[in-house]
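Trainee: Next up is a structure, given as structure tokens.
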């Protein structure tokens, strides 16, 4: 292609406007409408900022905000260090070395993702409690002068790290498995030793992948409510809850939410900057599998234990503790009411998964059918909800729906109809919130399978006289089915585990397993929380294993 | 039948043009080949015609109706154009028969028509198979049958043979165009291979850097190429630059650019008598035997190097070469 200086007519303002008119179709409008709908909670938080802070704001700024900021920074810092140590080392060892039970451990390392952080928190509280498992062990060993207090900031950082490190593990391992082999061989040919290869070559190259995983971890850390509340650590999320429920000051909650969103966008910018700085990884995946080394015996056991440790801490210990509690409390907790509760929880998760996937499909395909290329970039704004903590989204939905309901009640009252709250405190608000929060979870697997379908396939359908919608149902949907299916499952798990958003928005009479576990724990009945927790873990486990299979296939 | 009028398309808001001011006509029933290197804009051009891209400037009309301009855009599904993609783009989850039926769901006797198309491309017993069970050549023919089934008024073939090896390519090219001739459809045929174009096209359009450099019947492109680029597309060509003009003692018009085809350079295996208008002596640097002929790499006194072919096996170290003025190709600068 050649530089053209004088062909400016094609890009003069007049012709641009003409093209804009020609190329805007209904799909462009629909895409914009969906993006707007998904961004609405955040827009509301932005708008509410202008009506000034609440009465207690100055009190919070003086007495609590430093605490929130300090605690959040503390958690971000120490969780980063811990998840990097656990995630990167285990990813490197399972991709580079062959040792006992390596294959099993590869997917066992993902399992901590099946346990929500707050449940890990409950389990560890029990393990280190007075009269808990650790206490018993120490007493047996005549070490009963040792008491480890875990119910503090450091304990919370430990609990969050041990449950979230798989995000780093998964993305680092994907990099090591797919990209590393050629480079490893080249390094070997140049006579570079194992340690130097790792620190000088693999680690810097894997940085974008590792940072991407780390940012996901930190988003979850800032999103956490259940564990922080239980451990008595004041964070932004607990602050939002406190201002909303105890102080009944929505304005203060809004201000805290806005601050939290700013911190998270700083994190995202940090990731983008990291990725841009080191954009030298090839996008092609390597077909040759990495050649695993068989280490010497002593080292083999060292590696084995290093990889086993996060599995024990992140999965086996907490699950064992929960099972122990479950045995003790099964007779009181497990009854017909509990079964109904589980079914409700499944029902809510499935429905919201289907709704969210539906929105993701609309967004992906409407923006594709829009002839304006800029619309495709705008569509990606709809995915940003994943970065925004559940509590913030809930506040962003609560405020406008309350106002809307007030207005509706008044209008219907004028007509002589006595209606209760129509949107607020109903499942509609909850489903809407889940769709906003988990759209990215559905969007990414569908988008990546859709990208594998060559453009010429839908193009040839159109050339054969078939419109967009029929092309989608007849050609594209059958080809992206697996992506859609895994998207439904992924959103399902996330909704099952979700706590803060559900706590704020759920209807009175409806509970989920996550909420039930939280309620038990808050009412000093943490043992009873074990059964709903185990239910969540086992439903989440099956797809986590399934997901790992997908990852290996890729 | 098809009129393209100052068509432009840029993928980076006017910094570079994939296609710039392209204008041409295509008569009904003709086969027109679009030839160019990769990146010359061939695929962009046919995607614009098919309605898979939208022009930034200019107009496309079919049978007198505008189908794409700055104000108007007819959707690809309403254009009645058949398109065979480079990678065939068969629907992998549908059988061969369902692939062909896909575009004619509203046609009466569609089953019969689909079967006729299968017969036409010689795959009558393959209807129940799936695309992955077919060879590349068979898939190609299914793609052709699928595109022809709705009786398009224009058929576009986008580099349909580039995924095939040389033997199969020639055979399939002939088969495909035998089938196409039976249907009397107007054809736009995109290729980077001049042999493909020469063997089937009524006329050829040459694209270079997104611009049309020549559109003509095949014979004219060889005899009267517009530019050195076009000349070299249809056989190796030597640019007669200042040094060569001095060496051959043939002063030429300075405002024009001149070239001679390699095969028109005559070779005298010695320095004896030799009838040519312009002659020069040359030193043989290298001889490469190519079966029944020999390729000679020559060095002239001026230092220029040239490659020529000869049938003569006994070549001296110093020889004479020459050419005649009627064989000189002349282009504007």
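Just so you know, glycine gets a Cβ as well, placed from its N, Cα and C.
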Trainee: In TrEMBL, which of A:154-176, A:223-245 is tagged transmembrane segment?
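Mentor: Within the set A:154-176, A:223-245, TrEMBL attaches transmembrane segment to A:154-176.
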Trainee: Between the candidate ranges A:252-270, A:271-289, where does TrEMBL place the transmembrane segment annotation?
Mentor: A:252-270
Trainee: Between A:421-443, A:444-466, I'd like to know which one TrEMBL lists as transmembrane segment.
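Mentor: Of the candidate stretches, TrEMBL labels A:421-443 as transmembrane segment.
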Trainee: How about the transmembrane segment (A:27-52) and the transmembrane segment (A:197-219): do they have 3 or more C-beta pairs under 8 A, pairs 6 or more apart in sequence?
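Mentor: They are not in contact.
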Trainee: Six or more residues beyond either end and a Cβ under 8 Å away: which residues meet both conditions relative to the transmembrane segment (A:301-326)?
Mentor: 86, 89-90, 93-94, 97, 99-102, 105, 108-109, 111-112, 114-115, 119-120, 122-124, 126-127, 133, 162-163, 165-166, 169, 295, 526-531, 533-534, 537
